[in-house]
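Marked as domain 'Mandelate racemase/muconate lactonizing enzyme N-terminal' by TrEMBL: 38-129. Positions annotated as domain 'Enolase C-terminal' by TrEMBL: 149-218.
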């Protein structure tokens with residue numbers, strides 16, 4: 001295939017509102033919106049590829065939106081003139097330019113794959129080995145609610161087709177356990193429930209929580 005080259009890379013910031021109003025993590029952490037970073041790679045033949053990186057809260061993972069954009073700014077000069085379809089080479093260059101910072105590299109990597117797909121007229125899934133048409137069950141994270149509200153809350157998502165339910169924990173262990181018991185009261189044979197502390201439990205708290213949790217959780 002004839003070579004194409006990256007001509008320019010533009011970076012955009014967008015505050016993305018959470019559709020549920022506020023997203024709650026354990027420990028009282030709240031997110032009404034997420035700081036998203038979008039990149040647009042333009043090639044010398046006019047193709048455009050888009051990528052995005054939105055770290056899930058600076059007090060949850062070791063990454064944040066300003067760091068993503070700073071990392072992209074560090075990498076971009078090294079990518080100008082390269083063929084975006086040579087994805088392995090692109091990733092080597094990004095690693096040489098900046099150690100770690102995978103959230104910054106992810107947006108650029110996705111944009112390159114977008115261009116690769118457009119240049120061949122194929123969906124990216126075909127370039128990655130092809131689709132399987134395998135149906136996968138979907139899981140949802142349940143908003144932190146009072147124990148008495150959890151049963152109804154689960155039913156709302158069950159009616160939408162969800163079969164997996166992730167229950168947030170990380171507050172008072174007894175209350176968390178009561179919330180989980182209520183959430184699982186109508187558990188169906190094809191459903192699974194998990195607990196998610198979002199890194200908010202000490203070892204001691206986690207051990208105490210394990211003693212209080214009901215049977216039927218698939219993993220912790």
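Yeah, the Cβs are placed from backbone N, Cα and C, and that goes for glycine too.
Averaged over the domain 'Mandelate racemase/muconate lactonizing enzyme N-terminal' (38-129), the predicted model has a pLDDT of 95.
Mapped onto DSSP classes, the domain 'Mandelate racemase/muconate lactonizing enzyme N-terminal' (38-129) shows 49 helix, 12 strand, 31 coil.
Using DSSP to sort the residues of the domain 'Enolase C-terminal' (149-218) gives these counts of helix, strand and coil: 31 helix, 10 strand, 29 coil.
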